[in-house]
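Novice: The structure is given below, and queries will be raised subsequently.
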């Protein structure tokens with residue numbers, strides 16, 4: 001899939017933007033997004049943006065269009081086929097996730113639609129479930145548009161950072177900088193994830209809860225987060241940081 005996307009992009013800008021629309025659309029489409037490695041594909045497209053092969057602003061607009069198309073078709077499918085969907089064996093097997101999504105939409109519909117756009121398992125479900133619950137369009141449209149405006153750059157970002165790092169001129173410190181950038185990103189991401197696990201420690205009932213008990217999270221979370229912050233400070237003070245920032249500015253056209 002990644003090789004196919006790269007082939008399209010080298011052939012035409014139009015093909016590249018069509019690829020962005022397609023990935024964003026399928027990632028947002030009801031249930032399809034559960035099996036599509038959309039996060040990886042969006043990061044791959046982000047790497048092409050970071051390397052200058054694809055316009056950031058054009059890709060952002062294409063991502064918004066694909067996202068809105070997928071969400072609104074999902075909403076319509078949920079509204080139109082709500083009864084058959086409730087009887088579908090696939091949804092019966094994932095009834096717990098469906099029930100949680102329905103409960104969240106009943107309690108905090110706008111917040112759930114907005115935040116659900118950024119959470120992998122719920123992203124392709126929330127619009128469909130909102131349609132199944134006959135949620136008024138007026139309640140769906142505002143958080144959905146906001147989410148679709150913010151989602152593409154958020155998912156492009158890891159790839160953009162990696163693609164821009166590739167363009168750093170080769171030198172004695174370029175390898176060191178790239179490894180430091182990777183380590184910083186990993187520690188900050190893991191630290192953020194652990195913060196989320198700690199916040200949900202009283203509610204989480206998955207397999208990881210056995211290994212990441214609240215007591216363990218209370219010391220592991222600040223440790224990993226502190227390492228990430230220290231790595232970020234070292235990264236910011238690295239001699240190649242101005243070069244990297246200049247590349248990123250060119251990518252976004254600032």
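In case you wondered, yes, glycine gets a Cβ from its N, Cα and C as well.
The feature topological domain 'Periplasmic' is assigned by Swiss-Prot to 1-7, 50-58, 166-178, 237-254, with sequence analysis given as support. Residues or ranges marked as transmembrane segment by Swiss-Prot: 8-28, 29-49, 59-79, 145-165, 179-199, 216-236. According to Swiss-Prot, the feature topological domain 'Cytoplasmic' maps to 80-144, 200-215, an assignment based on sequence analysis.
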Novice: Please average pLDDT over the topological domain 'Cytoplasmic' (200-215) for the predicted structure.
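Specialist: Taking every residue in the topological domain 'Cytoplasmic' (200-215) and averaging pLDDT yields 72.
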Novice: Sort the residues of the topological domain 'Periplasmic' (166-178) into helix, strand and coil with DSSP and give the three counts.
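Specialist: Summed over the topological domain 'Periplasmic' (166-178), the classes give 6 helix, 0 strand, 7 coil.
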Novice: Residues sitting near the topological domain 'Periplasmic' (237-254): Cβ under 8 Å, six or more positions beyond its termini, same chain?
Specialist: 49-50, 52, 56-57, 160-161, 163-165, 167-169, 171, 173-174, 176-177, 180-181
Novice: Could you count the residues of the topological domain 'Periplasmic' (50-58) that DSSP puts in helix, in strand and in coil?
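Specialist: The composition, in the requested order, is 4 helix, 0 strand, 5 coil.
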